[in-house]
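Record features, source TrEMBL:
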BINDING   Thr48, Val208  pyruvate binding site
ACT_SITE  Tyr136  active site, proton donor/acceptor
ACT_SITE  Lys164  active site, schiff-base intermediate with substrate
Amino acid sequence: MKRKLQGIIVPLLTALETPETFDRKGCAGLIEHVISGGVDGIFILGSTGEGPALSRSVQRELIELAVEQVAGRVPLLAGISGASGADSLELGKFAANSGVDALVAAPPCYLPPDQEEQVEYFRRLAGECGSPLFLYNMPALTRVMLTPETVIRLASVENIVGCKDSSGDLTFFGTLVRELGSRDDFTLLTGPEELLAESVRMGGDGGVNGGANLCPELFASLYRALRDSDSEQVRRLQAEVLELGKLYRSRPGAAGVIRGLKYELSRRGLLKNVLAFPALPLR
């Protein structure tokens, strides 16, 4: 990526036919739904996309289908997080060779690395996969927190182009904005949609918001209002985002938001109400 990525990057839900098999038609339809809704990019195989819970064959099918379906209309990012560094390297090389625009990786979670080990991990991914790389800070699921010092250090590594922060810690995010926000080659994105407005006002570049699977136009409109400094419109649209979130954000378990989103999308005929094994759908 030669320029900063800005706007709403939707963390695409993974369409499944059964808990172990990919739904190509559902995925293609969801991609068209979010692109027509005005999103600025698509992120597959993230947390919302159940990436680490999918088999390698489903991950590869999704990457190939997404590259074909998106066809360069918006930037396509692929998550490569896994239980081991070797898993991430393997999937990252496949995704890069398949034609995605960038990779996104969280630290390995089964044997959590310390900060020095994280630096080595991300350097190898950036150097060996052959694609721009976003750091992914998701401590609620990985149990590993990137420190601001580690992100700032890695921002000088060739091919590392941004950070997606889902910690919900605005002090952490604000530190990154102060240190890195003025760079035109490093992107800072936030995950929690309730923090989208505040993070962009702080100097962030946009959001990776699960609710954009459901109502992409709403999130795209909110980002435009933020970009245009339309305070009244921002207040109104942020309230709509929070109200929309009540449909899917109160579901139990680590997969609660995914469960809620898939249920709501299935009610609209956009997706089957199927989650990756062993997660159970909402009924």
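Cβ coordinates are placed from backbone N, Cα and C, and glycine is handled just like the others.
Note: TrEMBL annotation is automatic and uncurated.
Bear in mind that the values here come from a model prediction, so they are computed numbers and not experimental data.
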Where does Tyr136 (active site, proton donor/acceptor) sit in DSSP terms: helix, strand, or coil?
strand
Going by DSSP, is Lys164 (active site, schiff-base intermediate with substrate) part of a helix, a strand, or coil?
strand
Report the same-chain neighbours of Val208 (pyruvate binding site): residues 6+ apart in sequence with Cβ closer than 8 Å to its Cβ, ordered by sequence.
Ile9, Val10, Pro11, Phe43, Gly46, Lys164, Ser166, Leu189, Thr190, Gly191
Thr48 (pyruvate binding site) to Tyr136 (active site, proton donor/acceptor), Cα to Cα, whole Å, comes out at 13
Mind giving me a neighbour count for the residue listed as 'active site, proton donor/acceptor'? Other Cβ atoms within 10 Å of its Cβ, every protein chain shown.
29
